[in-house]
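Pulled from Swiss-Prot:
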DOMAIN    25-101  domain 'Inhibitor I9'
DOMAIN    103-582  domain 'Peptidase S8'
CARBOHYD  N112  N-linked glycosylation site
ACT_SITE  D133  active site, charge relay system
CARBOHYD  N162  N-linked glycosylation site
ACT_SITE  H205  active site, charge relay system
CARBOHYD  N220  N-linked glycosylation site
CARBOHYD  N381  N-linked glycosylation site
CARBOHYD  N453  N-linked glycosylation site
ACT_SITE  S529  active site, charge relay system
CARBOHYD  N617  N-linked glycosylation site
Amino acid sequence: MGMTVVIILVFSFFVAIVTAETSPYIIHMDLSAKPLPFSDHRSWFSTTLTSVITNRKPKIIYAYTDSVHGFSAVLTNSELQRLKHKPGYVSFTKDLPVKLHTTFSPKFIGLNSTSGTWPVSNYGAGIVIGIIDTGIWPDSPSFHDDGVGSVPSKWKGACEFNSSSLCNKKLIGAKVFNKGLFANNPDLRETKIGQYSSPYDTIGHGTHVAAIAAGNHVKNASYFSYAQGTASGIAPHAHLAIYKAAWEEGIYSSDVIAAIDQAIRDGVHVISLSLGLSFEDDDDNDGFGLENDPIAVASFAAIQKGVFVVTSGGNDGPYYWSLINGAPWIMTVGAGTIGRQFQGTLTFGNRVSFSFPSLFPGEFPSVQFPVTYIESGSVENKTLANRIVVCNENINIGSKLHQIRSTGAAAVVLITDKLLEEQDTIKFQFPVAFIGSKHRETIESYASSNKNNATAKLEFRKTVIGTKPAPEVGTYSSRGPFTSFPQILKPDILAPGTLILSAWPSVEQITGTRALPLFSGFNLLTGTSMAAPHVAGVAALIKQVHPNWSPSAIKSAIMTTALTLDNPLAVGAGHVSTNKVLNPGLIYDTTPQDFINFLCHEAKQSRKLINIITRSNISDACKKPSPYLNYPSIIAYFTSDQSSPKIFKRTLTNVGEAKRSYIVRVRGLKGLNVVVEPKKLMFSEKNEKLSYTVRLESPRGLQENVVYGLVSWVDEDEAEFEVSCSVVATSLVQES
């Protein structure tokens, strides 16, 4: 009997543990429901939380006031269920993990110091760019304040380094957000002093993206002599505010929201986020959609305050529906190449040479080495020391490379077409040359005819400018449509993202081995993470010249002046260009209320989102629902049996000369009947608004899954302006 009792008690204890399992949640509240006796929102949130937690001390992780209205807290499932019945409760989101999207680029997008956007915008002087990432390495010369103006008088931020002297006129704020990290990892402890309390960047990602957006000019920058030159951010005289919310152990929604909340309060003009959700854990939330995306929800509050928000679109390409961060009010950025390659040269003893991609950082003697050619099989029992080993493509690259290296070989040549997609992966610590299989016969012929006397020489650290095609979208760059809101064409724009040189923590090992670590103050990284801060910098330049322009106006100027390239589901409006962004002629402007009106038209899908971002109920928020959003691009969905036309309305605002006429020009859109009315827009004054409609019809069905083109407005007098709107017609259906 005693044994039975023990078993029951143990089982009961186990059940108690399971049912009492806690998780951090983000709770959205309706502030209009706050009872009068409470003096502030935090005290109301705290009392509400206390009323549902009975067996432990309740604790609010964050109370949000600017980006969203609500709080984050650790709750059991039963406590969460009780909270749902409390006055003011709107919805919850589990504190989901977030992931990072991991010299020449300013010139590549049209910036130069003698004329154009840089001098006109005073290099972004007076504009504050907020970077939400892994922190910053303040000692980097990219963050010196030479030539940077005074800190803006309205700035409210703080510098949380141990020494405030680490901040200056360039780096004007740095703050840490780690409460969500600790709530999700309660056993986490600091293993070194200041590990989780300092804005110092020990990962490198945040330093890299901050310097892309607004790093100062640094001469003689390079990655081990690759990409050598003067490094500069896109807005080198803008100020930087750093919000460290990303950690090696994880990134959490609650910390990201708190960082956006603080950035709005501090007074930033631009927010750059090179991170985002994957929604892999949507079963833990109240449904699937934008309402569960912390960046989407919090950034809406930012644009309401006039803050421009730019995000990376993700690195899960080249597949359709892989894009993230696609809320209509966010600028979503894809990544492309910049016409620059890093190479090595392989020269055989017969003087036949081959170029190959390489970022080998070490020194390598420029002399002829004896060559051993291996057709296949093991390298064991072969004398390879101080030789260049040439292997065929049927060799397993990873394991054989390790074996060959252990033999003391000087270098390896791999004859293969299986180059890894992201060029970042050519950062081998051992000298390796990838040569295409089309050259196999030439190499085999030389090696076989000179079996005992074949030699070769390898040379590294070569940078080649002007390679084609460029710009070209990276295969890794995520493609639209955006799963959570496919009604808007995404991404918005393409920017440089492949092997971008930028600042790096000089004490963090960048490559090499444990025995021979290598360090550098600059690094070459690839990803949409690198593309987003390019656009953040461009937005800062525009904001400096047009301080009263809305976030939508800035977005429009960037999109309508882009260099059109390819499928907009991959490149958006095209590649960012700064040649005309300060004077686009016409803009598509949109107010926060316009976004709400459009969401209201999609009320079935967006009801909870509307409630969260408007802090009111549907009937109050949705008095003027609209099927149209004045966006600088168009996407239309057609099914195989659908012939009814799709109609879109757009409104252009004249920001150019007072009197100017524009005529419409339609390009592409093969197989579609396209009617634009009117065909001419005649503006008589500055800031005048004129509207037009686009009618798309597919009488015989789409010839391809994706058909695209442009509707452009060209001024008829001087052809100085061409204001382009990308248009996509598609039969793509999202997989369930």
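Here the Cβ of each residue, glycine as well, is placed from N, Cα and C on the backbone.
Where Swiss-Prot records a feature, it is marked here on the structure.
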residue: N112; record: N-linked glycosylation site; DSSP (3 states): coil
residue: D133; record: active site, charge relay system; DSSP (3 states): strand
residue: N162; record: N-linked glycosylation site; DSSP (3 states): coil
residue: H205; record: active site, charge relay system; DSSP (3 states): helix
residue: N220; record: N-linked glycosylation site; DSSP (3 states): strand
residue: N453; record: N-linked glycosylation site; DSSP (3 states): coil
residue: S529; record: active site, charge relay system; DSSP (3 states): helix
residue: N617; record: N-linked glycosylation site; DSSP (3 states): coil
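Taking DSSP states H, G and I as helix and E and B as strand, the domain 'Inhibitor I9' (25-101) has 22 helix, 27 strand, 28 coil.
For N617 (N-linked glycosylation site), the number of other Cβ atoms no farther than 10 Å from its own Cβ, over all displayed protein chains, is 14. For the glycosylation sites given as N112, N220, the lowest number of other CB atoms within 10 Å of the residue's CB is seen at N220. Using a 10 Å Cα-Cα cut-off around D133 (active site, charge relay system), the recorded positions N112, N162, H205, N220, N453, N617 reduce to H205. The recorded positions near S529 (active site, charge relay system), taking a 10 angstroms Cα-Cα threshold over the set H205, N453, N617, are H205. Fewest Cβ neighbours within 10 Å among the recorded positions N162, N453, S529: that distinction goes to N453. Fewest Cβ neighbours within 10 Å among the active-site residues D133, H205: this applies to H205.
Checking each of the recorded positions N112, N162, H205, N220, N617 against N453 (N-linked glycosylation site) by C-alpha distance, the shortest gap belongs to N220.
The shortest Cα-Cα distance from N617 (N-linked glycosylation site) to any of the recorded positions (N112, N162, H205, N220) is found for H205. If you measure from the Cα atom of N162 (N-linked glycosylation site) to that of H205 (active site, charge relay system), you get 21 Å. Distance noted between the C-alpha atoms of N112 (N-linked glycosylation site) and N220 (N-linked glycosylation site) is 18 Å. For the pair N220 (N-linked glycosylation site) and H205 (active site, charge relay system), the C-alpha distance works out to 21 angstrom.
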